[in-house]
Every structure is written in C-alpha cells, then in structure tokens.
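Student: Here it is: the structure, laid out below.
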Amino acid sequence: MVRSAIKLFLLLLSLGYMMLWFMMPTKLYFEHWLPKIRAKTKSIYFGQQGSTMLICTFPILFIATLGCIYLHLGKKHGDHNVEGVPTSKLKQPVIVKGPLGIVSWMELSFLTMFVVLLAWSTTSYLNGMFTHIDQMASRSGLLVWEAKLEMSGLTLGLVGNICLAFLFFPVTRGSSVLRLIGLSSEASIKYHIWVGHIAMTIFTAHGLCYFVFWAKTEQLSQVLKWGKIEVSNMAGEIGFVCGLGMWATSLPQIRRKMFELFYYTHHLYILFIVFFVFHVGFSYACIVLPGFYLFLIDRCLRFLQSQQRVSLVAARILPCQTVELNFCKSPEVNHSPTSIIFVNVPAISKLQWHPFTITSNSNMDTDKLSIVVKSEGRWSSDLYQKLSSPLPMDGFQVSIEGPYGPPASTHLLRHDTLVLLSGGSGITPFISIIRELLFKASSGSSTRIPHVLLICAFKKSIDLAMLELILPVSGTTVDISCLQLQIEAYVTREKGADENNHKPLQTVCFKPNATDAPVSAILGPNSWLCLGLIISSSFLMFLLLIAILSRYHNSNMVYASSATAGFNMLFMCIAIAMTANATFLWNKKQNRKRLRQIRNMDTPPVWFNNGDRELESLPYQSLLQATNVHYGERPDLKKILFERKESSVGVIASGPREMRQEVAAICSSGLADNLQFKSISFTW
C-alpha cells in the first residue's frame with residue numbers, strides 16, 4: 001500500500017512537472033502565475049532564484065529522492081515484473097536504419113512529443129514577442145525585421161535551454177529517475193545523443209541570429225560584453241565554443257575513428273555548464289539545474305568507487321586473442337544479465353575507462369565477477385599481451401566502476417523461445433543470459449525455462465574457443481543438459497576446421513595485494529536509501545549555504561551576478577562532495593570487517609584451484625553435443641527467424657550495427673508477429 005501511494009504521488013508530480021514545461025512559454029504563466037509565485041516566495045535568504053528553484057529544481061530532486069524510497073521498498077519485498085506477460089508492441093522497432101539508429105514505437109512517440117514541445121515553445125515565445133514588435137522597434141530605433149531577428153535569437157536560446165534541461169538525465173548511470181521509468185543508463189545513452197544534437201543545432205542558430213543582428217545594427221562591441229547584472233554575452237560565447245568542440249568530435253565519423261579525442265573533448269561539458277550559468281545567471285539556470293545536479297552526485301560517487309583497487313584473482317587466456325578477467329566481489333553485489341562495468345588498468349592507461357559486459361552470474365558465482373576482453377584495439381591488445389606474457393606477475397592493479405544494468409531479468413522468461421544472435425565479441429552478453437537460465441534450470445525452480453537458440457558468427461575457427469566461456473568455472477559441477485540449449489556457430493572465412501587452433505585455455509592466478517579490495521557496491525546494500533539521503537541532505541546544505549550568501553548580499557556586501565553564480569556553483573559542489581564522501585565513508589566503515597577477511601586470503605578462491613578445465617568433463621561434453629559448427633557460410637537470419645512457430649519468440653541481437661539493423665528490419669516487417677526484438681549495443 002505504501003509503494004502504491006508513492007507510485008501514484010510520483011505519477012501526479014511528474015504529470016504536473018511536464019505540464020509546467022508546456023505552460024512556461026505562455027502569457028498566463030509569465031503575466032499571472034510567475035508574479036504571484038514570486039510574491040509569495042519572496043525572501044531575503046533566497047531572492048529571485050528561490051521561486052525558480054521551487055518551481056523547476058525542487059520537484060525533480062523530490063521525485064528522485066522519493067523514487068529511491070520506492071525502489072528500496074521494492075528491493076526489500078522482492079518486487080519483480082509479472083512473468084509470462086508478452087512484451088508490449090510499443091517496444092518493437094519501427095525505424096532500423098538512419099541517423100537515429102534502431103528506434104521503437106515507444107521511443108518514436110516520446111521523441112515526437114519532445115519535438116512538439118520544442119515547436120510549441122518556439123511558437124508561443126514568438127507569438128508573445130511579436131505582438132508589440134512595431135512599438136518595441138520604434139522605441140529602440142530599429143527596423144521591424146531587425147527587432148524580429150533579435151527576438152528570434154532570444155526565442156531560440158530559451159528553447160535550447162529546454163534541451164539542456166533534459167540533457168544530463170540519460171548519462172546519470174545510477175539514476176533513480178531512469179530506474180523508475182524502466183530504463184538503464186546504457187540503454188538511454190542514445191537519448192543523450194539525440195538531445196545533444198538538437199540542443200547544439202538550436203544554440204548555433206541562437207548565436208548566428210545575434211551575430212547577424214549586432215553586425216547589421218553596428219553593435220559588434222556586444223560580443224565582448226560581460227555585464228555585472230544583465231546577460232553576459234562573452235560567457236555565452238565561450239560556452240558555445242566549448243559546445244561546438246564537443247559537438248564536432250561526437251560526430252560518428254570522428255568518434256569511431258578517434259574515440260580518445262571524443263572522450264577527452266567531451267569533458268569540456270564542465271566549462272560549458274559553468275559559462276552557461278555565467279551567461280544567463282544562476283536564477284534562470286535553475287531551470288536546467290535538476291538533471292545536472294543528479295549527474296554531479298552520480299559522478300562524485302563514481303569517482304569515489306574508481307579510487308579503489310580491486311582484487312584481480314585470475315585470468316583465463318584464450319587462443320583467439322581473448323582473455324577472461326575474474327575479480328573477487330562482495331556477496332551483496334548483485335547484477336542482472338547484460339550488466340556492464342567500466343574497467344581501468346593503470347599499467348596501460350591511467351585515464352582510459354572501457355565498458356565490458358559482465359559474463360558471470362551473481363546467483364551462481366556469489367564471490368566472483370568476470371568479464372571477457374577481446375583484442376580489437378590498442379588498449380585491449382596491450383592488456384592481452386601483458387597477461388599472456390611468460391614473465392611472472394605478482395599482482396595486477398585494476399579499478400572498476402559499476403556494475404550498471406537493467407533492473408531485472410524476468411523478461412527472459414516471458415517467451416517460449418529465446419533466439420540469441422551475435423557477431424564476434426557480441427556473444428559476451430549472451431554468456432550471462434545463458435548462465436542465468438542455467439542457474440534457474442538447475443535450481444529446480446517451477447518456473448518454465450524457455451528454449452534457447454544461440455546463433456553466433458565468427459570470422460575464424462579459432463574464435464570458437466569463446467563458446468567454452470559459457471560454462472562457469474565455479475567449484476560445483478553444473479549439468480548444462482538441464483537447459484534446452486542449441487548452439488549454431490558459423491565460421492565465415494574458413495572452409496573447414498583447423499586442427500592447430502584447438503588449444504586449451506590457460507589460467508593465470510594472481511596473489512592479491514594487501515591494499516586491494518573486492519568489487520563492492522558504491523553505497524553498500526542499502527544503496528537506494530543512501531542515494532536518497534545524499535540527494536536530500538546535499539540539497540538542504542546547498543540551500544543553507546546560498547541563504548547565507550543571499551543574506552550578506554542584501555545587507556553587507558553587493559556581488560555581481562556572475563560572482564553570485566560562481567559562489568552558488570561552488571556551494572553546490574561543496575554540498576554534494578561533503579554528503580557523498582560522508583555517506584561513502586560510512587558504508588565503507590560498516591563493511592570494513594568483512595572486506596578485511598577477504599583481503600587476508602592468501603590463495604585464490606576455490607573456483608581456480610583445479611587450474612584449466614578438464615576437456616573430458618561432463619559439462620564440456622554436453623556443450624559439444626549442443627553445438628553445430630557451419631564453415632564457409634553466414635547464417636540466414638530471415639529463414640531462422642521466420643521458421644519459428646512458437647507463440648512468443650524473444651529475439652536479442654548483439655554485435656555489429658549492420659547485423660542488428662538487419663535483425664530489427666526482419667522483426668519489424670510484420671510477417672511474424674510472434675517475434676519481439678531487443679538490441680544490445682554500447683555506443684561509447
């Protein structure tokens with residue numbers, strides 16, 4: 001009953017917040033609602049920015065905090081989605097090719113609503129500004145078209161701020177807001193890309209309008225204006241240049257070929273936001289503050305987690321230039337299939353972080369977390385060379401952020417058959433899915449387990465060794481025959497098997513350092529409550545600090561608007577850093593005793609004591625019996641999918657974009673209504 005009440009309240013609050021965005025451009029809001037709100041909320045402690053924070057900032061932070069309580073109660077009572085319910089048709093792909101990538105009906109609907117909001121806001125602002133444009137032009141000594149150009153530039157700036165308000169929500173990895181609407185950070189990263197492109201297009205037009213206006217009215221000196229009270233033009237131009245740098249390097253042609261340039265240039269977002277606040281003033285910047293505030297909290301927590309060195313206990317080296325890394329983890333760290341972690345290896349690069357799919361299963365491997373890295377770039381090749389080197393290594397320092405992933409795996413059980421389509425290293429998400437289903441099948445659960453068809457394509461036969469990673473390396477023997485698994489492997493560039501490629505897996509064990517820790521959650525087992533505490537307490541501390549500043553501002557000292565904005569941004573960072581660090585250290589202190597016991601282990605866990613896998617073992621023989629290898633051909637995806645006769649078939653594709661687009665086109669063709677498609681891809 002408590003969760004139902006919270007859910008209803010969150011729904012009403014969210015609808016009210018969305019309605020606010022539609023009302024902001026209207027005369028009713030500016031001439032009637034806003035003056036009344038400012039009159040009732042006027043205070044010597046918060047000034048004019050108090051009403052803006054109350055209207056635009058507080059609702060979202062309250063939703064995020066209350067959402068943390070809702071999610072904690074759901075976790076406490078074992079809340080799961082109802083199994084056996086087919087996936088909504090709204091999640092089926094409608095666009096499979098083009099600049100937007102693979103888009104579902106639901107995503108297209110929300111994108112259309114967002115575009116309608118931008119169009120409505122543009123029309124409303126222009127209608128209000130053009131009503132008395134003739135009188136305004138005559139008072140200013142301007143031509144009518146010049147006055148319209150100036151007002152058009154202002155309108156574009158106001159509309160671009162709407163995009164900026166939603167820009168940071170999709171990249172907040174541990175967000176309660178995303179989890180409330182059923183999204184994960186890796187699935188919503190494309191929304192950040194969409195909104196970013198729209199925002200920079202609008203801001204570019206905003207800047208061009210003003211440059212043309214200043215040139216035509218002989219006011220080019222306005223370019224260097226940094227007003228004490230009014231809008232600071234120069235600050236906006238600096239922020240715009242930073243935004244152009246991020247926008248240019250984020251284009252696919254540059255991002256895919258020079259990812260490091262894209263990654264490091266994207267850190268200009270700090271300067272972009274700082275100079276944006278200087279440009280418009282902190283009071284108006286409160287409109288875009290909520291998303292960035294939650295992002296800062298998430299970024300601070302990720303930084304705290306990344307400072308710890310984790311225990312890499314072993315690595316399994318495959319002959320196909322692939323390595324499996326196995327870390328020791330705390331038992332309270334749970335993750336769903338297809339979850340990811342970000343990995344940093346200081347010995348290779350102190351700055352580079354790379355995302356990898358977790359292949360272990362948190363139910364089957366309570367004290368282990370594993371990922372698979374295939375040598376496909378300079379960083380991964382250097383990692384493989386270091387681990388496969390014959391020189392002995394006493395330890396290997398690694399830092400981790402995460403895990404991040406979908407909230408639950410119950411969608412896997414909604415179908416009669418799961419068809420998993422992978423290309424190359426795209427098989428890694430399916431290892432965790434198969435292990436999850438294998439655990440449920442071997443645990444004697446009454447839940448119906450779907451039939452699993454794995455279609456995997458490799459370039460060479462030596463890559464078939466990756467199939468061995470499907471079997472867990474836990475100490476207990478798991479009979480894979482209890483799972484209805486069929487594997488169809490395709491080797492596209494070889495006509496037959498190469499006997500020289502059949503080499504056993506090699507295992508390298510490491511002795512943990514005394515300073516290493518197991519992989520642990522950022523905020524411990526009660527992470528949602530801790531996150532809610534950080535959001536609420538940091539915001540209260542932030543309000544207290546700006547109240548003190550505003551009190552002195554009105555009595556003893558007078559600050560320029562840019563100085564006030566600088567102080568407020570500093571106070572926001574201080575409040576977030578203090579509360580996040582305090583909560584993180586408190587959780588670390590609570591877990592110190594258990595972590596000390598794990599650090600004092602002198603030998604690797606039992607799952608590696610036996611060295612390499614015995615090829616004659618029963619699980620391995622069962623895996624061989626379930627596998628059919630096809631040489632010199634590619635899988636006929638259309639035939640494979642259309643021949644499925646089950647009432648519900650879940651199709652999951654992972655791998656190259658071209659393959660995922662082909663599968664999405666087949667599933668969206670309408671010729672087979674029983675196919676329900678999901679794409680797994682990471683765009684970093």
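Easy rule for this one: first residue shown is 1, then count along the chain.
A Cβ is built for glycine as well, from the same backbone N, Cα and C atoms used for every other residue.
Automatic prediction, not curation, is the source of TrEMBL annotations.
The model shown is predicted, which means the values in this text are computed figures rather than measured ones.
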Student: Looking at 234-254, 297-317, I want to know which stretch TrEMBL calls transmembrane segment.
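Tutor: Comparing 234-254, 297-317 with TrEMBL, transmembrane segment matches 234-254.
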Student: For the transmembrane segment (266-296), find every same-chain residue at least 6 residues outside the stretch whose CB is under 8 Å from a CB in it, and list them.
Tutor: 47-49, 52-53, 56-57, 59-61, 64, 161, 164-169, 171-172, 175, 177, 231-233, 235-236, 238-239, 242-243, 245-246, 249-250, 535, 539, 561-562, 564-566, 568-569, 572-573, 576
Student: Quick one: do the transmembrane segment (528-549) and the transmembrane segment (234-254) have at least 3 Cβ pairs under 8 Å, skipping pairs fewer than 6 apart in sequence?
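Tutor: The answer is no, given that the two segments have fewer than 3 Cβ pairs within the 8 Å cut-off.
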Student: Mind tallying the domain 'FAD-binding FR-type' (305-410) by DSSP state, helix then strand then coil?
Tutor: 13 helix, 40 strand, 53 coil
